[in-house]
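Engineer: Quick one: the structure is below, and I'll ask about it shortly.
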Ligand SMILES: Nc1ncnc2c1ncn2[C@@H]1O[C@H](COP(=O)(O)OP(=O)(O)OP(=O)(O)O)[C@@H](O)[C@H]1O
Ligand SMILES: [Mg+2]
(Lines of atoms letter the chains of each structure in order from A and count residues from 1; the text may use other names and numbers.)
(Lines give C-alpha, C1' and ligand atoms only; values in the text may rest on other atoms or scores of the structure.)
(Ligands and ions follow the chains in the order given, each with its own letter.)
Protein backbone atom coordinates (compact mmCIF):
# COMPACT_ATOMS: atom_id res chain seq x y z
CA UNK A 1 0.00 0.00 0.00
CA UNK A 2 1.37 3.29 -0.92
CA UNK A 3 0.32 6.68 0.19
CA UNK A 4 0.84 9.62 -1.96
CA UNK A 5 1.00 12.97 -0.39
CA UNK A 6 -0.32 15.68 -2.55
CA UNK A 7 1.47 18.86 -1.86
CA UNK A 8 -0.09 22.00 -3.24
CA UNK A 9 1.71 23.29 -6.31
CA UNK A 10 4.39 25.63 -5.14
CA UNK A 11 3.65 28.87 -6.83
CA UNK A 12 5.16 32.01 -5.31
CA UNK A 13 2.54 34.47 -4.19
CA UNK A 14 2.12 37.81 -5.97
CA UNK A 15 3.94 39.64 -3.24
CA UNK A 16 6.73 37.08 -3.18
CA UNK A 17 7.24 37.54 -6.92
CA UNK A 18 7.41 41.28 -6.45
CA UNK A 19 10.02 41.08 -3.71
CA UNK A 20 12.18 38.52 -5.53
CA UNK A 21 11.87 40.51 -8.75
CA UNK A 22 12.83 43.70 -6.98
CA UNK A 23 15.91 42.14 -5.39
CA UNK A 24 16.93 40.51 -8.67
CA UNK A 25 16.71 43.82 -10.51
CA UNK A 26 18.75 45.52 -7.79
CA UNK A 27 21.49 42.89 -8.04
CA UNK A 28 21.60 43.23 -11.84
CA UNK A 29 21.82 47.01 -11.62
CA UNK A 30 24.56 46.92 -8.98
CA UNK A 31 26.55 44.36 -10.99
CA UNK A 32 26.14 46.53 -14.09
CA UNK A 33 27.42 49.52 -12.15
CA UNK A 34 30.43 47.54 -10.94
CA UNK A 35 31.49 46.00 -14.25
CA UNK A 36 29.95 47.95 -17.12
CA UNK A 37 32.21 51.05 -16.79
CA UNK A 38 35.30 48.81 -17.08
CA UNK A 39 33.89 46.87 -20.01
CA UNK A 40 32.98 50.06 -21.84
CA UNK A 41 36.30 51.69 -21.01
CA UNK A 42 34.58 54.54 -19.26
CA UNK A 43 37.14 56.66 -17.37
CA UNK A 44 37.00 56.16 -13.59
CA UNK A 45 36.46 59.83 -12.91
CA UNK A 46 33.27 59.71 -15.02
CA UNK A 47 31.64 56.66 -13.50
CA UNK A 48 33.64 54.97 -10.76
CA UNK A 49 32.87 51.29 -10.12
CA UNK A 50 30.49 50.52 -7.29
CA UNK A 51 33.24 49.26 -4.96
CA UNK A 52 35.11 52.57 -5.12
CA UNK A 53 31.94 54.48 -4.31
CA UNK A 54 31.24 52.18 -1.38
CA UNK A 55 34.79 52.62 -0.19
CA UNK A 56 34.32 56.39 -0.28
CA UNK A 57 31.01 56.01 1.54
CA UNK A 58 32.39 54.03 4.47
CA UNK A 59 35.83 55.71 4.54
CA UNK A 60 36.50 56.18 8.28
CA UNK A 61 38.51 59.32 7.61
CA UNK A 62 35.55 60.93 5.82
CA UNK A 63 32.83 59.76 8.17
CA UNK A 64 32.97 62.59 10.75
CA UNK A 65 32.87 65.10 7.91
CA UNK A 66 29.84 63.39 6.36
CA UNK A 67 28.04 63.32 9.69
CA UNK A 68 28.75 66.94 10.58
CA UNK A 69 27.68 68.25 7.22
CA UNK A 70 24.65 65.98 6.97
CA UNK A 71 23.61 67.41 10.34
CA UNK A 72 24.05 70.93 8.96
CA UNK A 73 21.93 70.18 5.90
CA UNK A 74 19.25 68.44 7.93
CA UNK A 75 19.14 71.37 10.35
CA UNK A 76 18.36 73.66 7.42
CA UNK A 77 15.78 71.18 6.09
CA UNK A 78 14.20 70.66 9.50
CA UNK A 79 13.96 74.31 10.48
CA UNK A 80 12.78 75.32 7.02
CA UNK A 81 10.14 72.61 6.97
CA UNK A 82 8.89 73.53 10.42
CA UNK A 83 8.48 77.19 9.53
CA UNK A 84 7.29 76.63 5.95
CA UNK A 85 4.69 74.03 6.89
CA UNK A 86 3.39 76.10 9.82
CA UNK A 87 3.08 79.20 7.64
CA UNK A 88 1.46 77.25 4.80
CA UNK A 89 -1.10 75.59 7.08
CA UNK A 90 -1.86 78.80 8.95
CA UNK A 91 -2.34 80.90 5.85
CA UNK A 92 -4.41 78.20 4.14
CA UNK A 93 -6.81 77.91 7.08
CA UNK A 94 -7.11 81.70 7.28
CA UNK A 95 -7.67 82.17 3.56
CA UNK A 96 -10.14 79.30 3.25
CA UNK A 97 -12.49 81.12 5.60
CA UNK A 98 -12.17 84.45 3.80
CA UNK A 99 -13.32 83.81 0.23
CA UNK A 100 -13.03 87.51 -0.76
CA UNK A 101 -9.44 87.87 0.43
CA UNK A 102 -8.67 84.54 -1.16
CA UNK A 103 -10.00 85.86 -4.48
CA UNK A 104 -7.68 88.85 -4.23
CA UNK A 105 -4.48 87.04 -3.26
CA UNK A 106 -5.03 83.93 -5.38
CA UNK A 107 -3.44 85.41 -8.55
CA UNK A 108 -0.35 86.35 -6.51
CA UNK A 109 -0.08 82.84 -5.13
CA UNK A 110 -0.22 81.46 -8.67
CA UNK A 111 2.34 84.00 -9.87
CA UNK A 112 4.84 83.30 -7.07
CA UNK A 113 4.23 79.58 -7.40
CA UNK A 114 5.26 79.66 -11.04
CA UNK A 115 8.63 81.28 -10.29
CA UNK A 116 11.32 78.60 -10.17
CA UNK A 117 11.97 79.43 -6.55
CA UNK A 118 15.49 78.00 -6.31
CA UNK A 119 16.50 80.77 -8.75
CA UNK A 120 15.89 83.22 -5.90
CA UNK A 121 18.53 81.56 -3.72
CA UNK A 122 21.39 83.92 -4.78
CA UNK A 123 19.25 86.85 -3.74
CA UNK A 124 18.75 85.34 -0.30
CA UNK A 125 22.51 84.97 0.13
CA UNK A 126 22.82 88.72 -0.50
CA UNK A 127 20.04 89.44 1.97
CA UNK A 128 20.78 86.93 4.72
CA UNK A 129 24.48 86.04 4.27
CA UNK A 130 26.33 82.75 3.92
CA UNK A 131 25.13 81.23 7.18
CA UNK A 132 22.12 79.18 8.24
CA UNK A 133 19.38 81.83 7.76
CA UNK A 134 19.66 82.13 3.96
CA UNK A 135 19.39 78.33 3.59
CA UNK A 136 16.43 78.13 5.93
CA UNK A 137 14.65 80.87 4.00
CA UNK A 138 15.05 78.99 0.71
CA UNK A 139 13.70 75.80 2.31
CA UNK A 140 10.80 77.73 3.85
CA UNK A 141 9.88 79.15 0.46
CA UNK A 142 10.00 75.75 -1.19
CA UNK A 143 8.09 73.93 1.55
CA UNK A 144 5.48 76.65 2.01
CA UNK A 145 3.76 76.61 -1.37
CA UNK A 146 2.85 72.95 -1.80
CA UNK A 147 1.43 72.93 1.74
CA UNK A 148 -0.51 76.16 1.14
CA UNK A 149 -1.95 75.14 -2.21
CA UNK A 150 -2.85 71.58 -1.25
CA UNK A 151 -4.36 72.58 2.07
CA UNK A 152 -6.50 75.32 0.53
CA UNK A 153 -7.66 72.88 -2.08
CA UNK A 154 -8.54 70.35 0.60
CA UNK A 155 -10.38 72.87 2.76
CA UNK A 156 -12.36 74.19 -0.18
CA UNK A 157 -13.46 70.81 -1.48
CA UNK A 158 -15.14 69.70 1.75
CA UNK A 159 -18.57 68.25 1.04
CA UNK A 160 -21.34 70.89 1.08
CA UNK A 161 -23.77 68.67 2.93
CA UNK A 162 -21.23 68.08 5.69
CA UNK A 163 -20.85 71.83 6.07
CA UNK A 164 -24.65 72.20 6.08
CA UNK A 165 -24.85 69.51 8.76
CA UNK A 166 -22.57 71.59 10.99
CA UNK A 167 -24.45 74.81 10.24
CA UNK A 168 -27.84 73.27 10.98
CA UNK A 169 -26.50 72.21 14.35
CA UNK A 170 -25.30 75.71 15.14
CA UNK A 171 -21.55 74.98 14.91
CA UNK A 172 -19.26 77.93 15.61
CA UNK A 173 -16.63 78.91 13.01
CA UNK A 174 -14.03 77.40 15.32
CA UNK A 175 -15.92 74.09 15.56
CA UNK A 176 -16.40 74.06 11.81
CA UNK A 177 -12.66 74.57 11.34
CA UNK A 178 -11.29 72.10 13.86
CA UNK A 179 -13.95 69.40 13.71
CA UNK A 180 -14.82 69.36 10.02
CA UNK A 181 -12.64 71.34 7.62
CA UNK A 182 -9.20 70.37 8.89
CA UNK A 183 -9.88 66.65 9.45
CA UNK A 184 -11.59 66.45 6.06
CA UNK A 185 -8.60 68.14 4.39
CA UNK A 186 -5.99 65.87 6.02
CA UNK A 187 -5.43 63.70 2.95
CA UNK A 188 -4.59 66.77 0.85
CA UNK A 189 -2.55 68.27 3.69
CA UNK A 190 -0.39 65.15 3.74
CA UNK A 191 0.00 65.22 -0.05
CA UNK A 192 1.26 68.78 0.39
CA UNK A 193 3.65 67.61 3.12
CA UNK A 194 5.13 64.92 0.89
CA UNK A 195 5.86 67.51 -1.77
CA UNK A 196 7.20 69.94 0.84
CA UNK A 197 9.67 67.37 2.16
CA UNK A 198 11.01 66.60 -1.32
CA UNK A 199 11.23 70.32 -2.10
CA UNK A 200 12.98 71.04 1.18
CA UNK A 201 15.91 68.75 0.30
CA UNK A 202 16.24 70.40 -3.11
CA UNK A 203 16.08 73.84 -1.53
CA UNK A 204 18.77 73.12 1.07
CA UNK A 205 21.24 71.65 -1.45
CA UNK A 206 20.75 74.41 -4.03
CA UNK A 207 21.13 77.05 -1.33
CA UNK A 208 24.36 75.40 -0.24
CA UNK A 209 25.62 75.36 -3.83
CA UNK A 210 25.00 79.07 -4.05
CA UNK A 211 27.11 79.91 -1.04
CA UNK A 212 27.69 78.15 2.25
CA UNK A 213 30.35 76.93 4.65
CA UNK A 214 28.65 73.72 5.79
CA UNK A 215 26.41 71.06 4.39
CA UNK A 216 26.35 68.11 2.04
CA UNK A 217 25.97 70.50 -0.91
CA UNK A 218 29.28 72.10 0.06
CA UNK A 219 30.94 68.67 0.29
CA UNK A 220 29.67 67.80 -3.18
CA UNK A 221 31.18 71.00 -4.59
CA UNK A 222 34.49 70.32 -2.80
CA UNK A 223 34.64 66.73 -4.06
CA UNK A 224 33.85 67.99 -7.54
CA UNK A 225 36.67 70.52 -7.29
CA UNK A 226 39.14 67.72 -6.47
CA UNK A 227 37.61 65.48 -9.17
CA UNK A 228 36.82 62.90 -6.48
CA UNK A 229 33.93 61.32 -8.34
CA UNK A 230 33.50 58.38 -5.91
CA UNK A 231 32.99 60.89 -3.09
CA UNK A 232 30.39 62.76 -5.16
CA UNK A 233 28.49 59.51 -5.69
CA UNK A 234 28.83 58.61 -2.02
CA UNK A 235 27.33 61.99 -1.06
CA UNK A 236 24.50 61.50 -3.54
CA UNK A 237 23.74 58.17 -1.89
CA UNK A 238 23.65 59.84 1.53
CA UNK A 239 21.33 62.54 0.20
CA UNK A 240 18.97 60.01 -1.39
CA UNK A 241 18.87 57.99 1.81
CA UNK A 242 17.99 61.09 3.84
CA UNK A 243 15.31 62.04 1.29
CA UNK A 244 13.81 58.56 1.38
CA UNK A 245 13.79 58.58 5.19
CA UNK A 246 11.96 61.92 5.28
CA UNK A 247 9.42 60.75 2.72
CA UNK A 248 8.90 57.54 4.68
CA UNK A 249 8.35 59.52 7.87
CA UNK A 250 5.62 61.57 6.23
CA UNK A 251 3.93 58.51 4.80
CA UNK A 252 4.03 56.71 8.14
CA UNK A 253 2.61 59.79 9.86
CA UNK A 254 -0.16 59.84 7.26
CA UNK A 255 -1.06 56.22 7.97
CA UNK A 256 -0.96 56.87 11.65
CA UNK A 257 -3.16 59.99 11.47
CA UNK A 258 -5.60 59.08 8.69
CA UNK A 259 -6.75 55.73 9.96
CA UNK A 260 -10.02 55.86 8.02
CA UNK A 261 -8.42 55.96 4.58
CA UNK A 262 -8.62 52.71 2.61
CA UNK A 263 -5.13 51.37 1.94
CA UNK B 1 -43.83 77.35 9.94
CA UNK B 2 -44.82 79.56 7.05
CA UNK B 3 -43.63 79.78 3.46
CA UNK B 4 -45.08 82.76 1.62
CA UNK B 5 -44.59 83.30 -2.11
CA UNK B 6 -41.31 81.50 -1.80
CA UNK B 7 -39.00 81.81 -4.81
CA UNK B 8 -35.51 80.52 -5.31
CA UNK B 9 -33.20 80.79 -8.26
CA UNK B 10 -29.57 79.81 -8.31
CA UNK B 11 -26.98 81.86 -10.19
CA UNK B 12 -24.81 79.46 -12.16
CA UNK B 13 -22.15 79.84 -14.82
CA UNK B 14 -24.72 79.19 -17.52
CA UNK B 15 -27.30 81.65 -16.14
CA UNK B 16 -30.06 81.42 -13.58
CA UNK B 17 -31.72 78.20 -12.59
CA UNK B 18 -35.21 78.84 -11.38
CA UNK B 19 -35.71 76.14 -8.76
CA UNK B 20 -38.85 77.23 -6.90
CA UNK B 21 -41.63 79.55 -7.95
CA UNK B 22 -44.23 80.94 -5.59
CA UNK B 23 -44.50 78.24 -2.96
CA UNK B 24 -47.08 78.92 -0.27
CA UNK B 25 -47.20 76.44 2.54
CA UNK B 26 -47.90 76.55 6.22
CA UNK B 27 -47.00 73.73 8.50
CA UNK B 28 -48.58 73.37 11.92
CA UNK B 29 -46.48 72.53 14.91
CA UNK B 30 -46.34 68.77 15.33
CA UNK B 31 -47.63 68.13 11.85
CA UNK B 32 -46.21 65.49 9.50
CA UNK B 33 -45.96 66.74 5.92
CA UNK B 34 -44.62 64.74 2.99
CA UNK B 35 -43.48 66.30 -0.25
CA UNK B 36 -43.48 64.41 -3.53
CA UNK B 37 -42.50 65.70 -6.95
CA UNK B 38 -40.37 64.90 -9.95
CA UNK B 39 -36.60 64.94 -9.72
CA UNK B 40 -35.06 68.39 -9.89
CA UNK B 41 -38.30 70.20 -8.99
CA UNK B 42 -36.74 71.94 -5.99
CA UNK B 43 -37.64 69.66 -3.08
CA UNK B 44 -34.16 69.67 -1.57
CA UNK B 45 -34.00 73.42 -2.13
CA UNK B 46 -37.25 73.89 -0.21
CA UNK B 47 -35.97 71.75 2.65
CA UNK B 48 -32.74 73.75 2.84
CA UNK B 49 -34.73 76.95 3.02
CA UNK B 50 -36.81 75.46 5.85
CA UNK B 51 -33.54 74.65 7.64
CA UNK B 52 -32.23 78.16 7.03
CA UNK B 53 -29.37 76.79 4.94
CA UNK B 54 -30.42 78.67 1.81
CA UNK B 55 -31.83 82.17 1.54
CA UNK B 56 -34.97 82.51 -0.55
CA UNK B 57 -34.54 84.90 -3.50
CA UNK B 58 -38.18 85.96 -3.14
CA UNK B 59 -40.95 85.62 -0.60
CA UNK B 60 -40.32 84.58 2.96
CA UNK B 61 -39.82 81.61 5.23
CA UNK B 62 -40.67 82.14 8.85
CA UNK B 63 -40.85 80.11 12.00
CA UNK B 64 -43.22 81.32 14.68
CA UNK B 65 -43.27 84.77 13.05
CA UNK B 66 -39.48 85.12 12.78
CA UNK B 67 -37.45 84.58 9.63
CA UNK B 68 -35.75 81.19 9.56
CA UNK B 69 -32.03 81.23 10.38
CA UNK B 70 -29.53 78.39 10.74
CA UNK B 71 -28.93 77.20 14.24
CA UNK B 72 -31.95 79.21 15.37
CA UNK B 73 -34.12 76.21 16.15
CA UNK B 74 -33.65 72.60 17.04
CA UNK B 75 -33.52 71.07 13.61
CA UNK B 76 -32.74 67.45 12.88
CA UNK B 77 -31.79 66.94 9.28
CA UNK B 78 -31.38 63.81 7.20
CA UNK B 79 -29.60 64.57 3.95
CA UNK B 80 -30.08 62.80 0.67
CA UNK B 81 -26.63 61.23 1.18
CA UNK B 82 -25.69 59.78 4.58
CA UNK B 83 -23.10 62.54 5.14
CA UNK B 84 -21.31 60.82 8.01
CA UNK B 85 -17.84 61.94 9.06
CA UNK B 86 -15.49 59.14 7.95
CA UNK B 87 -12.98 59.77 10.76
CA UNK B 88 -15.48 59.26 13.58
CA UNK B 89 -17.09 55.99 14.60
CA UNK B 90 -20.83 55.51 14.20
CA UNK B 91 -21.62 56.36 17.83
CA UNK B 92 -19.63 59.61 17.65
CA UNK B 93 -21.36 60.44 14.37
CA UNK B 94 -24.77 59.94 15.93
CA UNK B 95 -23.75 62.11 18.91
CA UNK B 96 -22.47 64.92 16.69
CA UNK B 97 -25.52 67.24 16.98
CA UNK B 98 -25.17 67.05 20.75
CA UNK B 99 -21.39 67.31 20.88
CA UNK B 100 -21.55 70.54 18.88
CA UNK B 101 -23.76 71.98 21.62
CA UNK B 102 -22.15 70.54 24.75
CA UNK B 103 -20.10 67.65 26.07
CA UNK B 104 -22.24 64.50 25.64
CA UNK B 105 -23.24 62.82 28.89
CA UNK B 106 -23.59 59.11 29.55
CA UNK B 107 -27.35 59.58 29.24
CA UNK B 108 -26.73 60.99 25.75
CA UNK B 109 -24.67 57.95 24.89
CA UNK B 110 -27.42 55.65 26.12
CA UNK B 111 -29.91 57.56 24.00
CA UNK B 112 -27.69 57.24 20.94
CA UNK B 113 -27.20 53.52 21.56
CA UNK B 114 -30.98 53.05 21.88
CA UNK B 115 -31.48 54.77 18.55
CA UNK B 116 -28.79 52.63 16.95
CA UNK B 117 -30.44 49.50 18.36
CA UNK B 118 -33.75 50.66 16.92
CA UNK B 119 -32.04 51.00 13.52
CA UNK B 120 -30.44 47.56 13.87
CA UNK B 121 -26.95 49.00 14.18
CA UNK B 122 -26.11 48.29 17.83
CA UNK B 123 -23.09 46.12 17.01
CA UNK B 124 -21.73 48.74 14.63
CA UNK B 125 -21.49 51.59 17.13
CA UNK B 126 -17.68 51.40 17.23
CA UNK B 127 -17.18 50.93 13.49
CA UNK B 128 -16.21 53.65 11.07
CA UNK B 129 -18.73 54.66 8.38
CA UNK B 130 -16.44 53.19 5.70
CA UNK B 131 -17.07 49.74 7.14
CA UNK B 132 -20.87 50.02 6.73
CA UNK B 133 -23.03 49.55 3.65
CA UNK B 134 -24.79 52.56 2.09
CA UNK B 135 -28.12 51.60 3.64
CA UNK B 136 -26.57 51.13 7.08
CA UNK B 137 -24.91 54.54 6.83
CA UNK B 138 -28.25 56.10 5.94
CA UNK B 139 -29.86 54.48 8.98
CA UNK B 140 -27.09 55.89 11.17
CA UNK B 141 -27.76 59.31 9.67
CA UNK B 142 -31.41 59.00 10.72
CA UNK B 143 -30.33 58.20 14.28
CA UNK B 144 -28.10 61.28 14.20
CA UNK B 145 -31.04 63.50 13.20
CA UNK B 146 -33.07 62.25 16.16
CA UNK B 147 -30.48 62.20 18.94
CA UNK B 148 -31.11 65.74 20.18
CA UNK B 149 -34.93 65.51 20.17
CA UNK B 150 -35.37 68.13 17.45
CA UNK B 151 -38.58 70.11 17.31
CA UNK B 152 -38.33 70.11 13.51
CA UNK B 153 -37.29 67.00 11.64
CA UNK B 154 -36.34 67.49 7.98
CA UNK B 155 -35.78 64.35 5.93
CA UNK B 156 -34.57 64.35 2.33
CA UNK B 157 -35.35 60.95 0.83
CA UNK B 158 -33.94 59.24 3.91
CA UNK B 159 -34.92 55.74 2.84
CA UNK B 160 -34.05 55.93 -0.85
CA UNK B 161 -31.10 53.55 -0.48
CA UNK B 162 -32.92 50.94 1.60
CA UNK B 163 -34.63 47.69 0.64
CA UNK B 164 -38.42 47.51 0.89
CA UNK B 165 -38.49 45.54 4.11
CA UNK B 166 -36.08 47.70 6.05
CA UNK B 167 -37.92 50.67 4.71
CA UNK B 168 -41.26 49.42 6.08
CA UNK B 169 -39.71 48.75 9.50
CA UNK B 170 -38.14 52.18 9.66
CA UNK B 171 -41.34 53.85 8.48
CA UNK B 172 -43.15 52.29 11.44
CA UNK B 173 -40.34 53.55 13.72
CA UNK B 174 -40.51 57.06 12.27
CA UNK B 175 -44.24 57.09 12.83
CA UNK B 176 -43.74 56.01 16.45
CA UNK B 177 -40.99 58.55 17.10
CA UNK B 178 -43.06 61.32 15.56
CA UNK B 179 -46.06 60.46 17.76
CA UNK B 180 -43.99 60.11 20.90
CA UNK B 181 -41.86 63.23 20.50
CA UNK B 182 -44.46 65.52 18.94
CA UNK B 183 -41.86 66.85 16.52
CA UNK B 184 -42.87 68.63 13.34
CA UNK B 185 -41.74 66.49 10.40
CA UNK B 186 -41.17 67.24 6.75
CA UNK B 187 -40.38 64.24 4.59
CA UNK B 188 -39.26 64.38 0.98
CA UNK B 189 -39.73 61.09 -0.80
CA UNK B 190 -39.99 59.51 -4.20
CA UNK B 191 -42.28 56.85 -2.80
CA UNK B 192 -45.93 57.83 -2.92
CA UNK B 193 -46.99 55.02 -0.62
CA UNK B 194 -44.35 56.05 1.93
CA UNK B 195 -45.69 59.60 1.78
CA UNK B 196 -49.25 58.46 2.39
CA UNK B 197 -48.21 55.98 5.07
CA UNK B 198 -46.36 58.56 7.16
CA UNK B 199 -47.87 61.96 6.49
CA UNK B 200 -50.97 63.80 7.57
CA UNK B 201 -50.72 65.88 4.45
CA UNK B 202 -49.00 65.16 1.13
CA UNK B 203 -47.77 68.07 -0.98
CA UNK B 204 -47.47 67.37 -4.69
CA UNK B 205 -45.05 69.57 -6.60
CA UNK B 206 -44.78 70.37 -10.31
CA UNK B 207 -41.63 69.93 -12.38
CA UNK B 208 -39.04 72.73 -12.14
CA UNK B 209 -39.59 75.51 -11.29
CA UNK B 210 -41.42 73.80 -8.46
CA UNK B 211 -44.88 74.91 -7.41
CA UNK B 212 -47.39 73.18 -5.22
CA UNK B 213 -49.99 71.62 -7.49
CA UNK B 214 -52.02 69.83 -4.87
CA UNK B 215 -52.27 69.16 -1.17
CA UNK B 216 -53.85 65.92 -0.12
CA UNK B 217 -55.08 65.38 3.40
CA UNK B 218 -54.45 61.87 4.66
CA UNK B 219 -57.37 61.07 6.97
CA UNK B 220 -55.89 58.14 8.93
CA UNK B 221 -55.15 58.01 12.66
CA UNK B 222 -51.81 59.29 13.88
CA UNK B 223 -50.79 55.76 14.72
CA UNK B 224 -50.11 53.82 11.55
CA UNK B 225 -49.38 50.13 11.11
CA UNK B 226 -48.29 48.18 8.08
CA UNK B 227 -51.83 46.78 7.74
CA UNK B 228 -52.72 50.19 6.40
CA UNK B 229 -50.85 49.39 3.20
CA UNK B 230 -53.58 46.85 2.30
CA UNK B 231 -56.54 49.15 2.95
CA UNK B 232 -58.63 50.21 -0.08
CA UNK B 233 -58.63 53.80 1.20
CA UNK B 234 -54.82 53.75 1.16
CA UNK B 235 -54.78 52.48 -2.42
CA UNK B 236 -57.28 55.13 -3.45
CA UNK B 237 -55.10 57.92 -2.02
CA UNK B 238 -51.89 56.68 -3.59
CA UNK B 239 -53.47 56.26 -7.00
CA UNK B 240 -54.95 59.73 -6.77
CA UNK B 241 -51.51 61.18 -6.13
CA UNK B 242 -49.96 59.00 -8.79
CA UNK B 243 -52.46 60.16 -11.41
CA UNK B 244 -51.51 63.70 -10.53
CA UNK B 245 -47.93 62.88 -11.10
CA UNK B 246 -48.61 61.52 -14.54
CA UNK B 247 -50.65 64.58 -15.46
CA UNK B 248 -47.94 66.90 -14.26
CA UNK B 249 -45.38 64.94 -16.24
CA UNK B 250 -47.39 65.05 -19.50
N1 LIG C 1 -26.35 74.94 -5.21
C2 LIG C 1 -26.98 74.97 -6.41
N3 LIG C 1 -26.49 75.75 -7.40
C4 LIG C 1 -27.10 75.80 -8.58
N5 LIG C 1 -28.21 75.12 -8.90
C6 LIG C 1 -28.75 74.33 -7.97
C7 LIG C 1 -28.15 74.21 -6.67
N8 LIG C 1 -28.90 73.35 -5.94
C9 LIG C 1 -29.92 72.95 -6.75
N10 LIG C 1 -29.84 73.55 -7.97
C11 LIG C 1 -30.78 73.38 -9.07
O12 LIG C 1 -32.07 73.62 -8.60
C13 LIG C 1 -32.98 72.66 -9.11
C14 LIG C 1 -33.69 71.98 -7.96
O15 LIG C 1 -32.73 71.21 -7.24
P16 LIG C 1 -33.13 70.33 -5.99
O17 LIG C 1 -31.91 69.66 -5.51
O18 LIG C 1 -33.88 71.18 -5.02
O19 LIG C 1 -34.12 69.26 -6.66
P20 LIG C 1 -34.84 68.01 -6.00
O21 LIG C 1 -36.29 68.19 -6.17
O22 LIG C 1 -34.34 67.77 -4.64
O23 LIG C 1 -34.36 66.82 -6.96
P24 LIG C 1 -34.08 65.29 -6.59
O25 LIG C 1 -35.42 64.64 -6.38
O26 LIG C 1 -33.42 64.74 -7.82
O27 LIG C 1 -33.22 65.26 -5.40
C28 LIG C 1 -32.19 71.73 -9.98
O29 LIG C 1 -32.40 72.11 -11.31
C30 LIG C 1 -30.76 71.97 -9.59
O31 LIG C 1 -29.95 71.87 -10.72
MG1 LIG D 1 -33.17 66.37 -3.75
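From the backbone N, Cα and C atoms, a Cβ is placed for every residue, glycine too.
Source: prediction; values computed, not measured.
Copying in the features that TrEMBL gives for the protein in this structure:
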DOMAIN    A:70-250  domain 'ABC transmembrane type-1'
TRANSMEM  A:16-36  transmembrane segment
TRANSMEM  A:77-96  transmembrane segment
TRANSMEM  A:108-130  transmembrane segment
TRANSMEM  A:136-155  transmembrane segment
TRANSMEM  A:189-211  transmembrane segment
TRANSMEM  A:231-253  transmembrane segment
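Quick one: where do these features end up spatially?
Structural biologist: Beyond the ends of the transmembrane segment (A:77-96), by six or more residues, the same chain brings 102, 105, 132, 135-148, 151-152, 155-156, 177, 181-182, 189, 192-193, 196-197, 200-201, 203-204, 246 to within a C-beta distance below 8 angstroms of the stretch.
Under 8 Å from some Cβ of the transmembrane segment (A:108-130) lie the Cβ atoms of residues 137-138, 141-142, 145, 148-149, 202-203, 206-207, 209-213, all in the same chain and six or more residues away from its ends.
If you look at the transmembrane segment (A:231-253), the same-chain residues 6 or more away from its ends with a CB under 8 A from one of its CBs are 48, 53-54, 56-57, 59, 62, 66, 70, 73-74, 77, 190, 193-194, 197-198, 200-201, 205, 216, 219-220, 223-224.
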Engineer: I need to check the long-range neighbours of the transmembrane segment (A:189-211): which residues 6 or more away from its ends have a CB within less than 8 Å of a CB in the stretch?
Structural biologist: 73, 76-77, 80-81, 84-85, 88-89, 117-118, 121-122, 124-125, 130, 134-135, 138-139, 141-144, 146-151, 154, 182, 217-218, 220-221, 239, 242-243, 246-247, 249-251, 253-254, 257-258
Engineer: Checking distant contacts: for the transmembrane segment (A:16-36), what same-chain residues at least six beyond its ends satisfy Cβ-Cβ under 8 A?
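Structural biologist: For the transmembrane segment (A:16-36), the far contacts come to 42, 47, 49-51.
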